[in-house]
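All remarks here apply to the structure that follows.
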Amino acid sequence: MACDVTLSLRLDLTSCHSEAVERQERLWSLWLAWLPPLYVLSPLSLMALRSFTSLPRPVRALLGLYAMTQLLPALLAPEPLLAVGLATLRTALTAGLICVGALLADRPGSVPFPLLALGLNAVYLSALILSLLEGRDFLTARLHHPYMTTTTLGVLGAVGLWWSAFHEVRWPARLLTAFLAGGTLLLSGSRGALLAALVGLTVGALARGRWRVPTPALVLTLLAFAGLAWYGARSDFAAVSRLADLSLAGRQVIWHNVRTVIASEPFSGVGPYRLGTRLASPQSCQTFADAREELGCPAWFDDLGQPWLIAHNAALQQWSESGPVGTAGLFLLLGAVTVAAWRGRQPFALATLGGLLVTNLNDNTLLVPGVFTGELFWVLAGTQLPSLRLRSAGLHVGLTGAFLLAALSAPPLLALRPPHLSAPPALNVLYAPGTTAQTEDYTIFASLTLPPGPYLVTLNTCTVSCRAVQTRPVTSAGEPITIDARKLRLLPVDQQRLELLIFPNSGARLGVAASTAWTVRRTPAAPTTP
């Protein structure tokens, strides 16, 4: 009798625990499903840290090592208290998202995300409807969303294609999502997202071990985008024509300036989310809306340090924020995620993780909190890591992390090489005062003779590191080019060094072609007469 009562109590407790786990999984599944349009809910993932102790011990040890590599450099950052707090926040968010993934996985390595298309389709439809309501002409303009960049829309379009190709749901849902996702990817005009989509489809197909389902979709996608790129290069279809444009869209200027940030704090970095304080132009507060010549951010955003200004490369971003130790820690974790995903051979996980890693060649899609892409990456990482046997895979993890670091470091290293020009650039005239009473009203006049071709002319201001004051695209036909910039806002400091830099805007070598520098000192304003 007593044994029966004890057994009954155990069964009741087990049943209650199972129901609680299922309820928790449903809630997190709904949270993830609606996270694409509501990415401000990302910090709720911190609640999943309660399940941290249920992770396998090797995963907990790996995350503990990662946390140490992020917190130690923060102690040496220029703002140590703030940096430690922000490093703790980012590490906790990453661990929380990994815990969410572990909770959502039916078994280690599985990826049950059937509801993900709900949020993705909401983003696609809102972007398409809003662009149509605004009367946008897709022949001359790219897709628009009120709080997402065109690049983000492109990456989310790629995610929708991966979900459609590799998630086992009914075909009408897959077909609808694939149609909306493909249209969003195309109209975004994002070349990085297109490359990521193709890489993800290929890797996901390989993960199946046979090409039965993805082959038609993959071949048709390749042919369609190749044809669209060919058509775009010969038409005025703005979004499609960008697919045939091989320029870096000004990233060489950002990469150059991020390298000066790294040189200023080579061992500690400037701290998580603090790169924007070094890259922000003194001209005005910047958001992605500025690139569309619309409203910028409110003035009070300046106090946040503009953390949305990024390095557009994962390796540069991490090194500039946490130095070599933090970079090693991140890429060790990425190596573990990649090895676990490859051994698990789950097509959607491999496609998404591999594709998102590719986007970090010229973007930063792993940062959290972010616009869903980083959250999705680390949740997927949480579905894969528990299946990894670190003792047997330790060497593979280290080598994979080193390979990822080398691969993601390659674009800025290769692009910033000095160019080979047919003739040396010449500075004919330069008017640039060495003193100014008002740093909000500076004028520069220059006449340049450049070899024929497209260029970016950038005025940098430098203190401990450099940031762009103004960047202008110019095209030279071999004749003198005039640069007349007035009412420029410089940094409100007593002394700063200005640089006039010339970058090629096409080709494989996009480093500084020519430069000149001078020092500007702020003088006391003349007293006004009554």
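Note that Cβ sites are derived from N, Cα and C of the backbone, with glycine treated the same way.
For 28-49, 83-104, 111-133, 145-166, 178-207, 213-233, 325-344, 364-381, 393-414, the entry in TrEMBL reads transmembrane segment. The domain 'O-antigen ligase-related' annotation in TrEMBL covers 177-330.
Sequence-distant contacts of the transmembrane segment (325-344), counting only residues of its own chain at least 6 positions beyond either end whose CB sits under 8 Å from a CB of the stretch, comprise 62-63, 65-66, 68-70, 72-73, 108-109, 267, 269, 315, 318-319, 350, 353-354, 357, 380-381, 384-385, 387-388, 390, 393, 396-405. Two recorded stretches are said to be in contact when at least 3 C-beta pairs lie under 8 angstroms, sequence spacing 6 or more; the transmembrane segment (178-207) and the transmembrane segment (111-133) meet this definition. Non-local neighbours of the transmembrane segment (145-166) in the same chain are 36, 113, 116-117, 120-121, 123-124, 126-127, 130, 174-175, 177-178, 180-186, 188-190, 192-194, 196-197, 200-201, 204-205, 213-214, 217-218, 221, 288, 347-348, 351-352, 355-356, 359, 363, 365, 371-373, 376; each lies 6+ residues outside the stretch with a CB under 8 Å from one of its CB atoms.
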